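Everything on this sheet refers to the single structure shown next.
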Amino acid sequence: SKLEALFDHPLYNIPIPEVTEKDKLFVVNPMEKFSLRSSGSDEWVSSSKAEMVLPTGKTAYDTYPTWLKFHVGINRYELYPRRDPLMPTLLRDLATQRIISSVQKTGGTQLKLIMTFPNYGQALFKPMKQTRDQETPIDFFYFSDFERHNAEIAAFHLDRILDFRRIPPASGRLVNITKEIRDITTDKKLAKTFFISPVGNICFYGECSYYCSTEHALCGKPDRLEGSMAALLPDKTLAKRRSWRSPWRRSYHKSKKAEWELNPNYCAQVRETPPYDRGHRLLDLIDMTVLDFLMGNMDRHHYETFEKFGNDTFLLHLDNGRGFGTHSRDELSILAPLRQCCSIKKSTYLRLQLLATQPYRLSDLLREALATDPLAPILAEPHLRALDRRLGKVLEAVGRCLA
């Protein structure tokens, strides 16, 4: 396995600082246990309400459902550890756990559903909008592009290979529209949008600001629909998140350009503006830029951080559905923060150099990582080949800065 060899490499074993209690997102009550409601059920309850006594010798943590262990593990430095023993189980849960509720997520330009499992875990479901080999039309503006379910899955694995670990785990899943959405939804607005197409497929379109109409309906075959299931982050009432507008945000206008597109010295003013004037925030943003350029994602207008950790923490790379839309062109404007600031973390640069070498070729590693997904193949081959080409362009940009 090339992936295992990569994760054994010294560059992937640089220790994170010691995690103290104040560096953890949650302080956990070590006595609170979870238990199965009854021996034949897969529903979890807090031990104070449990009807079944726990086997002796189990620590409280051992009784937590996997999604809760994931939440409890989040700290100032990482969303999940490099060698996370939970990851295979968490991805399997996203792909196989029984869905007991499906409701539409409010806001956004496209339809997304929040799905709940019997153990109180939740996932964000993004349905399939286009096939693997369709490219975004060249005349489309970035803001009118579809969100792709396979981009969400590939982004999670790519982020992990780059050792950022800032995207919540995501898995592919084949969902039954009838049994796992229509029949169990309590969302009245969503329920009104189901219909049967002329060829007998079950379709629905939901309510949203852009692509929610019969012309953009999502249809099963006849009721099977592919989608991505991403583990939800802890509820904002428990772990507040702060949303930051990216300084290199695009104009979201058909003819206006953003300031960074007109001013080659734009980075100088960003460096003087909090929170980019100290710490590693600007370098973290450049990490995100590299990830976005490799995926071809032009839609990074905001990013988030956990409020508890202030400015000294990682950025959450959420909402990656507009990546992997085009393999035949490379959008160099995405690299503007790197090219204008001429800064990159040394550790990131060394890892990128490693991923350009034969034993650890980026496309091979991502192909291997994606092969285990239930919906494999996740990316068409030209997208994987584009990664190696784009990685070369990132290294070229750093080389020019060094020169």
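Positions of Cβ are set from backbone N, Cα and C atoms, glycine also.
What TrEMBL annotates here:
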| type | residues | note |
| --- | --- | --- |
| BINDING | Gln110, Lys126, Glu147, Ala230, Ala231, Leu232, Leu233, Glu304, Asp319 | ATP binding site |
| BINDING | Glu147, Asp319 | Mn(2+) binding site |
| DOMAIN | 194-402 | domain 'FAM20 C-terminal' |
| ACT_SITE | Asp299 | active site |
Give me the Cα-Cα distance between Glu147 (ATP binding site) and Asp299 (active site), rounded to a whole Å. 10
Cα proximity to the residue listed as 'active site', best match among binding-site residues Gln110, Ala231, Leu233, Asp319: Asp319
Span of the recorded ATP site, as the biggest CA-CA distance among Gln110, Lys126, Glu147, Ala230, Ala231, Leu232, Leu233, Glu304, Asp319 in Å, is 20
Per-residue pLDDT averaged over the domain 'FAM20 C-terminal' (194-402) comes to what? 95
